[in-house]
Structure formats: C-alpha cells, structure tokens
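A.B. asks: What TrEMBL shows for this protein is this:
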ACT_SITE  Tyr28  active site, proton acceptor
ACT_SITE  His108  active site, proton donor
BINDING   Asn82, His88, Asp95, Ile109, Ser110, Arg119  substrate binding site
SITE      Arg23  site 'Transition state stabilizer'
Amino acid sequence: MKHKETLKILVASGVNLDLLGKREPEIYGHQTLDDVHRSLKGLAERFSKDIQIGIHLECFQTNHEGVLLDKLSEGWDGVLINPGAWTHTSLALADRLAGLAVPFVEVHISNISRREAIRKHSHTAPIAVGVTYGFGVQSYHTGLFGLIHHLQNTKL
C-alpha cells in the first residue's frame, strides 16, 4: 500500500450531542462538544508528532441521520463516532458503516451497559474495530488513540 502522508479522520457525533454540557450533566458531564473537539485536535497534533505523519481531524455533529450517512461517505481513512441514540435504533447507520468498510471506533460517554435496557444494544459495535465507553469525555481520547493505532497498522 502506498505510504500516506496524512490520515484523514472524521470525528462524528450524532443526535443530541450538541446538548453536551447542558443535557443530563450527571450522566454526560459539564464539558461541551466544542470542548471535546478542541481537546481531540490537541491530542491529534501530539499523536501526529509522535508517529511523524499528518493527522487531519474533522469534527462534525448533526441531528439529521441522512446528513450523517452522507458525511461518512467522504473518503475517510477512519472514523471516531458517537452515534448517540442512533446506536440503538439505526440499521441504516450500521448498514452504511458496513458498506463503506471504513475502520471506525464507537464511543460513548456513559457506560451504556449500566443504562436502560434499550441502551445496552448497539447495532454498530459488532462491525467496529473497537468500542470505548463509560469514561466520560475521556472515552473520545481513548477511542482516538485506538483508532490511530489501528490505522498505523493497516493504512501506513
């Protein structure tokens, strides 16, 4: 495989994640999605220096499922995704991710295994290269680290 100079990674956040920091802070914490995106971009810069390859991180949030499905088709090397409630309900999202065969890591802020019964099932986890949840917004950091490590071993 041709050596890549830059990894193109999408950080995709689904439905209601624009309310992060406001909605149920006892579950999701007080940091906003903008805070999470800033910290991920800083982390990507540090990783980029460590592995000596560029990392282009695009952060994206939508409350419209079709918009997310289209965004996933833009030629990413990898995706870090918190689908929100679509995790538990969207066969369309699972089908799109499987069809695109883009390596992705699923992320959740809360421990979905400790939540309501409907939140314990993920349609997307079985096709993900990894899943991280339950560590608050640090789950995003863990997921990004895992995704970059996976891409180093498969895309570079």
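Glycine is no exception: its Cβ is also placed from the backbone N, Cα and C atoms.
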A.B. asks: Please name which of the recorded positions listed here, Tyr28, Asn82, His88, Asp95, Arg119, is nearest in space to the residue listed as 'active site, proton donor', Cα against Cα.
C.D. replies: Asn82
A.B. asks: Can you tell me how far the Cα of Tyr28 (active site, proton acceptor) sits from the Cα of Arg119 (substrate binding site), in Å?
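C.D. replies: It is 14 Å, counting Cα to Cα.
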A.B. asks: Which one of these recorded positions has the most other Cβ atoms within 10 Å of its own Cβ: Arg23, His88, His108, Arg119?
C.D. replies: His108
A.B. asks: Any idea of the Cα spread of the substrate site, Asn82, His88, Asp95, Ile109, Ser110, Arg119, as a max distance in Å?
C.D. replies: 24
A.B. asks: Out of Tyr28, Asn82, Asp95, Ile109, Ser110, which of these recorded positions shows the lowest number of other CB atoms within 10 Å of its CB?
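C.D. replies: Each of the recorded positions Tyr28, Asn82, Asp95, Ile109, Ser110 was scored by Cβ atoms within 10 Å; lowest is Asp95.
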A.B. asks: Round to a whole number and give the Cα-to-Cα distance in Å for the pair Arg23 (site 'Transition state stabilizer') and Asp95 (substrate binding site).
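C.D. replies: So the alpha carbons of Arg23 (site 'Transition state stabilizer') and Asp95 (substrate binding site) sit roughly 29 Å from each other.
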